[in-house]
Ligand SMILES: Cc1cc2nc3c(=O)[nH]c(=O)nc-3n(C[C@H](O)[C@H](O)[C@H](O)COP(=O)(O)OP(=O)(O)OC[C@H]3O[C@@H](n4cnc5c(N)ncnc54)[C@H](O)[C@@H]3O)c2cc1C
């Protein structure tokens with residue numbers, strides 16, 4: 001009997017899983033193995049909200065495998081060197097030895113440290129004489145498969161998307177292989193022993209999520225039945241469920257973009273007045289663009305993509321302001337609503353992500369990495385590629401970033417996208433009964449502000465905007481690569 005190990009990582013699904021399909025086709029028996037080795041991801045090891053999701057997603061994958069009379073094998077890798085049996089390589093070698101496996105198949109990840117780790121593992125196992133194969137399960141196109149006419153990586157989204165768009169229609173998803181003949185390793189760890197769940201009673205609001213493959217499909221059904229029909233207009237309104245909320249499911253590979261596009265197309269195939277799916281597909285394109293950038297410019301999670309921006313003068317780090325921002329107590333209602341939604345649910349609406357990031361990086365002039373780190377710890381969809389791209393886009397330092405002079409005014413944005421203040425009232429109870437415009441700018445009535453118990457604004461929006469513009473203009477005039485003062 002021949003045996004292959006399928007090394008599960010962030011591809012936590014059975015359908016449309018190319019590594020699982022190939023292993024099943026090539027070998028008699030497959031061992032589904034998850035190795036917990038956060039130390040190999042350095043400072044970008046999963047944050048607290050991601051660990052919560054990961055725990056439940058692994059449990060869900062295990063349930064899925066049980067329907068095929070198997071179980072997910074979980075191994076906590078030791079932090080000792082691979083030569084001493086530690087790390088992912090050590091864990092794989094131990095599993096190979098114990099099961100007689102002659103192959104290791106896995107789906108690719110694109111985070112810089114994981115890439116390096118995977119290359120080392122591949123080389124070592126190939127040197128051991130194993131059949132090692134990797135596959136693309138999470139993107140329409142591997143990041144190196146698209147390039148400009150000159151053969152360069154893209155730095156601007158629209159031409160990237162034009163290129164990618166020509167490649168996605170032919171891609172259909174793969175079925176779950178059946179039958180699945182599943183094996184075990186002799187020493188599998190208990191999922192609880194990984195201690196992924198928070199010890200604080202913080203994640204109770206996360207219960208609105210259903211991590212796992214089934215939960216992802218349900219979320220997609222909800223979206224297909226309703227919001228996709230008015231996505232282009234509804235996607236900017238935080239009070240509504242106007243977007244797909246698939247981001248954590250996509251991040252953990254519980255669903256793939258191929259599956260999403262295929263289901264949506266099939267859903268509307270025979271319907272009159274089918275909605276235009278393009279605006280939604282384009283958003284998935286941004287996810288691919290983020291991965292394209294991270295692959296070609298692996299230092300983007302920490303360094304300005306646009307080196308001219310190195311000359312930008314950030315304000316001194318302000319621990320007090322940062323704490324108020326994190327706690328949703330800045331006194332700017334739409335920002336506080338977003339930060340409280342994030343804390344309570346592990347997620348925040350895209351429009352509001354832009355507003356909270358703009359307040360932090362522009363009005364408060366705190367370095368974008370500070371915000372990126374907080375998101376990393378608190379978002380259930382925290383994703384190295386998308387998070388870095390999002391923060392750099394708002395800060396103005398990124399590829400294809402928003403122009404430096406675009407500094408969101410949180411009051412006018414709030415009036416435009418949360419006109420009745422429904423989103424603010426939901427997350428900021430102090431303002432639940434605020435009359436009219438005061439829900440967006442409660443400081444305009446000092447007596448009301450005092451009564452409400454809501455804080456005064458942390459910063460004057462007008463003068464801080466001007467200060468930021470001055471700082472941006474100075475940085476633009478500075479030679480590329482000039483050091484910060
Ligand atoms: C400062 C900042 C930080 C962000 N951090 C993350 C992050 O850590 N993880 C993350 O997945 N997204 C991040 N985003 C992008 C975006 O906010 C989320 O992907 C989106 O809100 C997820 O909600 P949804 O699934 O309902 O999106 P939908 O509107 O339904 O879009 C469908 C999918 O397309 C992708 N997508 C949509 N918008 C973007 C975008 N602007 N950039 C990249 N991919 C996109 C996501 O995978 C999303 O699930 C960030 C944006 C900003 C401004």
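Note that the numbers count up from 1, one per residue, in the order the chain is shown.
Cβ coordinates are placed from backbone N, Cα and C, and glycine is handled just like the others.
Note that this is a predicted model, so its numbers are computed, not measured.
Per TrEMBL, the candidate among 280, 423 that belongs to the FAD site alongside 231, 243, 244, 245, 246, 247, 381, 382, 383 is 280. Mapped onto DSSP helix, strand and coil, the domain 'Photolyase/cryptochrome alpha/beta' (2-140) counts 67 helix, 28 strand, 44 coil. Checked against residue 244 (FAD binding site), the recorded sites 314, 368, 391 differ in C-alpha distance, with 391 being the nearest.
Comparing the Cα of residue 280 (FAD binding site) with the Cα of every entry in 314, 368, 391, these being the recorded sites, the smallest distance points to 391. Of 314, 368, 391, all annotated as recorded sites, the residue with the shortest Cα distance to residue 246 (FAD binding site) is 391. Taking a Cβ distance under 6 Å to any atom of ligand 1 as the criterion, the recorded positions 246, 368, 391 reduce to 246, 391. Looking at residue 391 (site 'Electron transfer via tryptophanyl radical') and residue 368 (site 'Electron transfer via tryptophanyl radical'), their Cα atoms lie 6 Å from each other. Of 231, 314, 382, all annotated as recorded positions, the residue with the shortest Cα distance to residue 368 (site 'Electron transfer via tryptophanyl radical') is 314.
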